[in-house]
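Visitor: My questions will all concern the structure given below.
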Amino acid sequence: MTALTNLLDLDPAQLIAYCGELGEKPFRAKQLQRWIHQFGAGDFESMTDLAKSLREKLATRAHIASPAIISDHTSTDGTRKWLLDVGQGNAVETVFIPEENRGTLCISTQAGCAVNCRFCSTGKQGFNRNLTVGEIIGQLWMAEFELRKTKGIAPGPKGERQITNVVMMGMGEPLLNFEPTVTALRLMLDDNAYGLSRRRVTLSTSGVVPMIDKLSKECPVALAVSLHASNDALRDGLIPLNKKYPLQELLDACKRYLDYAPRDFITFEYCMLDGVNDTDQHARELVALVKDVPCKFNLIPFNPFPESGLKRSHNPRIKAFAQILMDAGLVTTIRKTRGDDIDAACGQLAGEVQDRTRVQERMQKMAEYQKKFGENFGKIVEITQ
Ligand code: SAH
Ligand code: SF4
């Protein structure tokens with residue numbers, strides 16, 4: 001028996017082609033797409049405006065499957081976090097952050113990450129594999145309809161939308177899993193699926209310069225860049241990828257991106273690490289560094305984890321740092337730490353359930369993946385169990 005096609009893997013054009021193979025007209029694909037992404041249908045039986053013969057045909061050849069939920073926790077502040085099984089003892093996480101006028105979903109694009117940033121627990125777990133389109137868009141599909149179910153909101157295009165914004169800030173480097181990420185982005189933007197505006201979808205990258213250019217041509221969405229340092233020497237030690245794409249190249253790519261971007265600024269993320277990158281001098285250096293890039297800063301208090309050997313900057317230090325940026329005319333926000341009681345920060349919970357006996361294997365895969373991209377990521381840190 002041939003494997004079932006997961007319809008979550010298909011972008012709008014592919015779904016039309018798939019329906020074509022079944023002898024169906026393109027408008028059937030649109031109907032099917034709406035059933036899946038706007039009504040949250042998980043089976044074909046419920047798709048009442050499709051002919052019974054088509055529903056039966058689909059049931060024997062296709063399915064609609066997002067990764068299985070391992071756990072589902074809601075924090076006292078409303079933040080909800082799902083841990084999803086992506087096979088072979090690997091898990092990824094998806095986090096929903098409700099705010100007054102919007103609901104933001106933070107999604108993952110890889111199981112693990114090959115970039116191996118010094119302050120990131122995802123990187124410390126090694127790299128397992130790229131997520132598929134279905135696993136990426138499946139996080140949005142699952143979360144939107146789980147949230148509606150909890151609130152008793154009817155599915156459908158007119159049902160009250162729970163997720164208004166998506167950020168690719170979970171596990172993984174989206175630009176090192178380019179094609180599936182872009183296909184998932186297209187579905188997020190498609191009017192017959194989620195219909196999100198480009199301004200409300202943000203991709204966060206550690207700075208894969210050629211892929212930033214590629215994204216600007218193929219699917220420009222709002223861009224966040226993880227800067228975290230005010231000079232190359234410091235950034236080399238925090239983000240090994242900086243040795244391949246140093247700051248000036250990265251900032252030039254940001255400027256080029258702005259010609260295509262849906263917003264007229266780049267968001268720079270800056271993780272506040274006590275005594276590492278958080279002095280007044282660093283702040284002043286940063287102001288000079290970004291002087292010709294229209295941007296906003298988002299200061300992220302470091303989320304500590306034991307193996308990092310790093311500490312979060314103290315709140316007064318973060319405020320003083322922010323003040324220097326603001327005095328220089330840079331719009332600056334300090335990220336609120338949300339969902340602390342459920343460990344809703346990048347990579348934390350998944351790390352706990354990861355099958356630790358396979359760490360060695362994931363480290364090997366990390367090395368292979370780095371090589372495949374031809375990057376000189378710097379020395380790979382050996383992780384002991
Ligand atoms: N790989 C992409 C997107 C995922 S990480 C990137 O690096 O941009 C999302 C954001 O979380 C990044 O800005 C990253 O630097 C930050 N981050 C990672 N680990 C963190 C930690 N322990 N504490 C605070 N921020 C962290
Ligand atoms: Fe990967 Fe981003 Fe974590 Fe760096 S911060 S290891 S790029 S997920």
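The backbone N, Cα and C atoms fix where each Cβ goes, and this holds for glycine too.
No curator has checked TrEMBL annotations; they are predicted automatically.
Found this in TrEMBL, in case it helps:
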ACT_SITE  E93  active site, proton acceptor
DOMAIN    99-341  domain 'Radical SAM core'
BINDING   C113, C117, C120  [4Fe-4S] cluster binding site
BINDING   G172, E173, S204, S226, L227, H228, N303  S-adenosyl-L-methionine binding site
ACT_SITE  C346  active site, S-methylcysteine intermediate
Visitor: Taking the binding-site residues C120, S226, L227, which residues show a Cβ-atom distance to ligand 1 below 6 Å?
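Guide: Checked binding-site residues vs ligand 1; flagged C120, S226.
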Visitor: Quick one: what's DSSP say for the residue listed as 'active site, proton acceptor', helix, strand or coil?
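Guide: Looking at the DSSP assignment, the residue listed as 'active site, proton acceptor' belongs to a strand.
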Visitor: Out of C113, C117, C120, G172, E173, which of these binding-site residues is nearest the residue listed as 'active site, proton acceptor' by C-alpha distance?
Guide: G172
Visitor: Taking Cα atoms as reference points, which of the binding-site residues C113, C117, C120 is nearest to E173 (S-adenosyl-L-methionine binding site)?
Guide: C113
Visitor: To the nearest whole angstrom, state the Cα distance for the pair N303 (S-adenosyl-L-methionine binding site) and C117 ([4Fe-4S] cluster binding site).
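Guide: On Cα coordinates alone, these residues lie 13 Å apart.
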Visitor: Long-range same-chain neighbours of C113 ([4Fe-4S] cluster binding site), Cβ under 8 Å, sequence gap at least 6?
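Guide: Sequence-distant Cβ neighbours: C120, T122, G123, Q125, F127, M171, G172, E173, L176.
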Visitor: Here are some binding-site residues: S204, S226. Which one has the most Cβ atoms within 10 Å of its Cβ?
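Guide: Buried the deepest by this measure is S226.
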Visitor: Under 6 Å from ligand 2 by C-beta, which of these binding-site residues make it: C113, C117, C120, E173, L227? Sequence order, please.
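Guide: What lies within reach of ligand 2, judged by Cβ under 6 Å, is C113, C117, C120, E173.
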Visitor: Please report the number of other Cβ atoms within 10 Å of the Cβ of G172 (S-adenosyl-L-methionine binding site).
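Guide: Result for G172 (S-adenosyl-L-methionine binding site): 30 other Cβ atoms within 10 Å.
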Visitor: Out of C117, C120, L227, which has the highest number of nearby Cβ atoms, where nearby means within 10 Å of its Cβ, if these are the binding-site residues?
Guide: L227
